[in-house]
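Among the features that Swiss-Prot reports, L-glutamine binding site is placed at Gly46, Glu47, Ser48, Arg105, Ile133, Arg134. Residues or ranges marked as active site, nucleophile in Swiss-Prot: Cys78. Residues annotated as active site, charge relay system in Swiss-Prot, with sequence analysis given as evidence: His169, Glu171.
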Amino acid sequence: MKIGVLGLQGAVQEHVRAIEACGAEAVVVKKTEQLTGLDGLVLPGGESTTMRRLIDRYGLMEPLKQFAADGKPMFGTCAGLILLAKRIVGYDEPHLGLMDITVERNSFGRQRESFEAELSIKGVGDGFVGVFIRAPHIVEVGDEVEVLATYNDRIVAARQGQFLGCSFHPELTDDHRLMRYFLNMVKEAKTVSSI
């Protein structure tokens, strides 16, 4: 199983290590042609507006949308969640606009720029430590979206079909259960596409 990590900016190597720790092959994606042959893609945390500029500069917007249209799973963490969202509070247009959610950037306030919280994640388990760094949260979800985790009544993880998104940085701990959950999504998608 080959998983790409969008390597334009952000916590790229940490995701590579998490993918490899789960027994899959990781590929850092910086060019369009590197999307070929991938089974899934991680959109890492970083700074969403910088990532968007780089996506545009390297001509990755349409290839990423095509990757999604081909039914391949995508996992967005922190800034990656913002890239996936169809709606962003205070912005007229989304980035990739693939997941039927509304997100608010930096929504935990400056006093809480960075913190850790123990989460219970549906399909993953309890006692998962979420590392939040200038994190967004999901304000609203569409009918097809399943809420997987909340923190202080805010949605911090959700899934819609082939798309998985979370507000926190799962790659910054040694608990790889959420990455395993994503890899299972990728396995399921591969099974369906080969039928």
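Every residue number used here counts from 1 along the chain in the order it is shown.
For all residues, glycine too, the Cβ spot is worked out from N, Cα and C.
Calculated from their C-alpha atoms, the gap between the residue listed as 'active site, nucleophile' and Arg134 (L-glutamine binding site) amounts to 8 Å. Under the DSSP three-state reduction, Glu47 (L-glutamine binding site) is assigned to coil, being neither helix nor strand.
Sequence-distant neighbours of Ile133 (L-glutamine binding site) (same chain, 6+ residues apart, CB-CB distance under 8 A): Gly45, Cys78, Glu113, Ser114, His169. For His169 (active site, charge relay system), the Cβ neighbour count at a 10 Å cut-off comes to 24, with all displayed protein chains included.
Residue pair Ser48 (L-glutamine binding site) / Glu171 (active site, charge relay system) shows a Cα separation of 17 Å. Counting every protein chain shown, 20 other Cβ atoms lie within 10 Å of the Cβ of Arg105 (L-glutamine binding site). A gap of 20 Å separates the Cα atoms of Arg105 (L-glutamine binding site) and Glu171 (active site, charge relay system). Here L-glutamine is bound by Gly46, Glu47, Ser48, Arg105, Ile133, Arg134 per the record. The longest Cα to Cα distance in that group is 13 Å.
Long-range Cβ proximity for Glu47 (L-glutamine binding site), meaning a same-chain Cβ under 8 A and a gap of 6 or more residues, is found for Gln9, Gly10, Ala79. In the three-state DSSP scheme, Glu171 (active site, charge relay system) falls into the helix class. Cα to Cα, Arg134 (L-glutamine binding site) and Glu171 (active site, charge relay system) are separated by 15 Å.
All protein chains considered, the CB of Arg134 (L-glutamine binding site) has 17 other CB atoms within 10 Å. Fewest Cβ neighbours within 10 Å among the recorded positions Gly46, Ser48, Cys78, Glu171: that distinction goes to Gly46. Of the chain residues outside the L-glutamine site list Gly46, Glu47, Ser48, Arg105, Ile133, Arg134, Gly45, Cys78, Ala79, Ile82, Asn106, Ala135, Pro136 have their Cβ within 8 Å of the site's Cβ mean position.
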